[in-house]
Amino acid sequence: MGDVIVLYAAPGMGHIVSMVELGKLIVHRYGPHKFSITILYTCGSVVDITSISAYIRRISHSHPSISFRQFPRVTNKITRNISGAAIMFDFIRQNDPHVRRALQEISKSVAVRAFIIDLFCTSALPIGKEFNIPTYYFYTSGAAALAAFLYFPKIDEQTTESFQDLRDTVFEFPGWKSPLKAIHMVEPVLDRNDPAYSDMIYFCSQLPKSNGIIVNTFEELESSNVLQAIAGGLCVPDGPTPPVYYVGPLIDEEKELSNDAAAAEEEDCLSWLDKQPSRSVLFLCFGSRGSFPAVQLKEIANGLEASGQRFLWVVKKPPVEEKTKQVHGVDDFDLKGVLPEGFLERTADRGMVVKSWAPQVVVLKKESVGGFVTHCGWNSVLEAVVAGVPMIAWPLYAEQHMNRNVLVTDMEIAIGVEQRDEEDGFVSGEEVERRVRELMESEGGRVLRERCKKIGEMALAALGETGSSTRNFVNFVSSIT
């Protein structure tokens with residue numbers, strides 16, 4: 001039995017999946033004789049523990065060298081009217097005693113070679129240092145977003161107003177080709193008076209104080225200007241930038257265990273795709289939590305119908321509050337009731353609508369899939385990149401507006417939809433039709449598809465024996481041994 005590397009995941013399926021993929025990479029490259037992996041995760045009011053527990057059971061069964069340690073349940077004590085992000089950040093801080101206890105207990109029986117934390121788990125950084133454990137960040141988005149976060153303490157100095165009030169004022173980030181509107185900043189920093197704002201400033205200011213930053217991307221995907229800005233210290237002008245290791249793309253390609261009903265629907269979906277012409281189907285899916293109110297679902301349906309294109313569309317139950325863009329769980333609902341009357345019947349010969357979930361990694365790799373409408377969550381972006389599928393970028397929350405900017409302007413692997421710059425981010429049916437036709441019918445769409453195919457090949461090469469991500473990963477391991 002080798003030494004252990006402890007990973008600490010932020011709440012949320014996307015964060016845990018990314019951490020697990022990093023753990024799988026370490027075990028795959030070096031085996032349990034050198035390193036075992038222990039993943040710490042939280043339990044409480046902000047966590048969808050049911051779906052996470054099912055996922056963890058699957059990973060524990062298939063990867064016995066990866067163990068999980070669930071913290072005792074924590075309940076938020078905050079009752080003030082603050083944002084969901086502020087509530088989550090407070091929830092994570094309340095787990096600090098559990099982090100300290102876990103590291104203390106693990107260290108008694110085995111050497112902890114490294115402690116790797118999510119950005120949102122920054123309050124654990126001094127705990128790792130307290131135990132003299134080399135402490136690294138695992139940044140689960142791309143290099144451009146990392147550049148922005150590293151630079152954000154300097155942006156904070158440029159204004160005393162809330163970004164949500166500055167709206168169309170633009171801000172420049174080192175290495176970025178185009179500036180970002182204030183209203184499109186990452187959600188937790190929009191309101192300067194919300195506690196989440198100061199939390200984010202703190203998180204970003206602590207990034208350079210780590211032993212290094214591991215990033216789930218690969219060099220060939222990112223703009224050379226962004227990579228140079230980070231490496232050259234432009235993002236942290238007042239101090240040293242720690243080593244940055246680009247080790248991706250890390251994605252979960254294992255088949256999920258489904259119940260009988262889900263398995264049957266999955267089989268129908270994949271069988272339908274197999275019958276469609278090459279690169280003819282547009283896949284629409286907005287992540288594990290992305291959801292739309294009924295009025296927006298109807299606009300999407302109208303746009304798809306008017307476009308005349310083949311499509312596979314994953315529809316989630318509309319949120320209770322119209323302006324909310326996230327749902328938790330997969331509650332049943334009346335599909336016909338949230339779509340235009342007769343839509344399913346009129347498009348039955350060229351479209352398929354499934355409720356709540358589809359095997360996204362498998363779908364994107366199908367020969368018939370020629371485009372992907374995505375919320376720009378980084379895991380989904382990487383899955384499309386690896387599959388060589390171009391995207392229509394439709395951001396909903398978190399850092400997704402940042403990702404949209406970069407995908408469209410810097411990486412040139414996506415087309416952006418025009419959204420209303422209000423809280424609901426509304427997109428008209430006419431805009432849906434326009435962008436779908438642009439991607440699936442135009443010469444520009446064909447060029448984009450060819451470019452994405454080449455980048456997909458680069459993604460695989462990056463993970464090869466002599467690839468850039470493999471080289472960077474070896475450098476990371478060398479830093480802890």
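One-based numbering along the chain as shown.
Every residue, even glycine, has its Cβ placed from backbone N, Cα and C.
Summarising the annotation, Swiss-Prot assigns UDP-alpha-D-glucose binding site to Ser288, 357-358, 375-383, 397-400. Annotation note: Ser288 (UDP-alpha-D-glucose binding site) sits in a coil segment as assigned by DSSP. Applying an 8 A CB threshold to same-chain residues 6+ apart, the list for Ser288 (UDP-alpha-D-glucose binding site) reads Met13, Gly14, Ser51.
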Fill in the blank from the handout: Counting every protein chain shown, other Cβ atoms within 10 Å of the Cβ of Trp378 (UDP-alpha-D-glucose binding site) number 22
Problem - Three-state secondary structure, which DSSP defines for Leu382 (UDP-alpha-D-glucose binding site) - result: helix
Practice task
Starting from each candidate's C-beta and looking 10 angstroms out, tell me which of the binding-site residues Ala358, Cys376, Ser380, Tyr397, Glu399 has the most other C-beta atoms.
Solution key: Cys376
